[in-house]
């Protein structure tokens, strides 16, 4: 019976924001603008960190891969969201498309959590272990950390997708969200959700709480090292760079933690969607803005590139 119920589902329906029609028009233009800024900003960071010799350090190696993830992450979600915002009714999404969107979403989300942890470790090694930095953060170590981030994402996505999409679902279920996120889809399953729920909770602890704790610990030690610096100029430069990293981390992990950790009983569908907008749409836009405005090396590389392109 469960198998029959599962195989009879040809498609899901995404609620999107069709229940908030007064907001659909303004939200469409806001999301479109944010998406365009995200594409431009992250593409610019990828270009600058690849082309500028001054930005060929481990920190910018991680930043380049982080921007790649942000580009793919937002592109997995926003085009479909814009299409749904243009429709007054919940739009159908095929079973296969929902599986694909969730799989990519999990791969990139987990990879981002791991990469943010690697970026924090890089800053910790540079500031708190400067004499051993070249050994701790070698080129091989950088490639290994980025590769491991992607591997963790693929393993987690494969596990969750296999568990969730083999569950029985009712006919034509409406997902109360603008994307095929784990929890909204899992709640629609007719039976057998226990293993998937345990898997999601385990992943939440391993890839959200643990990385966030490690990052906070790293920056607490960095703060202690900054306060011990004799030079005010050096202190300001290090604090500026690290505060940029910490702001990105806080925005991403903060909204993701609230979404996946807070009790689901009595949770608001509207609040769930607003929180998801932050870590899927807003944060990828803020990343390049924060790094380019607060980082003199990136700003300098951008100015140099502009001067090269514009004849005097």
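Backbone N, Cα and C define each Cβ position, glycine as well.
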Stretch carrying transmembrane segment according to TrEMBL (options 4-26, 27-49): 27-49
The domain 'G-protein coupled receptors family 1 profile' (41-291) [mean pLDDT, rounded to integer]: 88
